[in-house]
Structure formats: C-alpha cells, structure tokens
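Let me begin by presenting the structure, written as structure tokens, before commenting on it.
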C-alpha cells in the first residue's frame, strides 16, 4: 500500500451535495453569488479602511485582518467548489489536495487569532478606555498581526507534512467539495495515531485557547459594563461589542458543530456533514462584512456617502 498505484498519481474524488446531481446549475449559481458577495463585501471593507483616514484605528486594522483571513479562507475552497458544480470535475491530485487542506486550516487558524485580537481590542476600549491609545499602538498591532499569521502557518504545516507521508489504500472518495484534514485522515491505510494526536493538539492550541481567551475577555468586559451606573452608557458600551460577538458566533458555532459530528456523528446522514462544513467555510466570509456594515456607524456612514456620490 502506498500513495501511488503503479505509475499513476494518487487522486481523490470530491463530493458535491449528497443527493444532488453534479451538473446542477441551480446550485452552482447561488454558490457563484455567495463568492461574489464575499469578494465584494471584504474588498469593499479593505478599500474603505485604506482610503478613509478616520478608520485608521486599532479596531479597523483588526477588521482589515479579519477581511483578509475571510478572503483567504473562501478563495481556498473556490476552485474545487465551482469545478464540481459547473464542470462536474470531481477528481483532485493528491498534492493539490494537500495544498488546499493546508490553506483552509491555516486561514481558519488565522481568523481565529484575529478574533482574539479583536476581543482584546474591545477589552482595552471598555475596561481601560484612558489607556486605549497607549496600549494599542501601531507597533503592537503590527506585531500581533505577524504573530497571528506565523502561528497559522507554523501550526498547520506539520499536519500537511505528516499526512503527505501516509499511505492511502482505501476508497479515495472524500465527503466534501474540498479537502479537510479529518476527511483525508479517515482514508489512510495505516496507523494514524500521531496524525490524530497532533491534529487534536493543533486545534486545542489554536481554536481551543482562542475561544477560552475570548470567553475570559467578555467575562471581564461584562463585569466592567455592569459596574457602570448609567444604563445609557452601559448600552452604548455593549453596542460596540455586538459586531464582534456576531463574528465570533458565526465562526465558532459551525466549527464546533463540524468537530462534534466528525467525532461522534458518524451515524448522521452525509448531508449533515456537508452542510456544516460548507457553513463553516462559506458563511463567516459572507456575513462578517454585512454584520460590520450594519452595526458599525462609521462604515455605514461611509457606505452612504459613497452611494450618494454615485447617485444622480
């Protein structure tokens, strides 16, 4: 058993949506619309933050990092998703599958790290407002962005290296329209203890610690808000956190659901796995720009100004 059968290269067969014909254009069209909406929303956010000097603050710098992570996460799945539903192309070379898997998990870890940085931003802004500008300096923001980016790259790299050395001798049919580590691991014909252990460790060190840090930050934020006497000030302080809380829930709820059913939901129908995986990778990049545009006054005002300038 090896990664090659004779002289032919190893290929995986990707799966669209169970029970749906591969050439279903009514499914391909909404997918294209979702990707276009994702590109438009995140690129517009990046452009506004770059061109509007009033948005050159720590909160919006972190928001631009989130938009970049969302773009990377979506573009990692774009080629295979559209190839399946537009062209019925389901086969993917082993090396390409490894690369896609690496970028999906790397950008996912980066996005999780950015959400932690944004939670820290809200923590300092509400708990220590007078020290906000002195704590969140441009230098600190650049260093935080570099650490988040390098962590995403380095933590996931051993996952790709380890699985590249594994033999695949069972069915090569994957459960999704893209390559995920857990999905590839179940097709390995050999001992996967090291791969599983490191994969679990990587998840704990990234998304596990990140979620606990965000929870701790909001525990302290809520305690500070409750100590404020004025109810109007309380509501104003909490309203600055709503966009970030929505982004956290949009990212972590599908992620936790996907992790649970991969380990304990093998009896569930394949459609459940597929829909949760698609939601985990497609929903946050599409909804995050909409949430921040809707709940953030500065961005909403900037969009209205742009629309008025383009009007008659």
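Backbone N, Cα and C atoms are what each Cβ position is placed from, and that goes for glycine too.
In TrEMBL this protein carries:
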type	residues	note
TRANSMEM	12-40	transmembrane segment
DOMAIN	41-292	domain 'G-protein coupled receptors family 1 profile'
TRANSMEM	60-87	transmembrane segment
TRANSMEM	99-120	transmembrane segment
TRANSMEM	140-163	transmembrane segment
TRANSMEM	241-261	transmembrane segment
TRANSMEM	273-292	transmembrane segment
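Of the two recorded stretches, the transmembrane segment (140-163) does not lie close to the transmembrane segment (273-292), with fewer than three CB pairs under 8 Å once pairs fewer than 6 apart in sequence are set aside. Away from its own ends, the transmembrane segment (99-120) comes close to residues 59, 62-63, 65-66, 69-70, 72-73, 76-77, 79-80, 92, 144-145, 147-149, 151-153, 155-157, 159-160, 163, 178-181, 184, 202, 206-207, 210-211, 213-214, 217-218, 244, 247-248, 251, 255, 281, 284 of its chain (Cβ-Cβ under 8 Å, at least six residues beyond either end).
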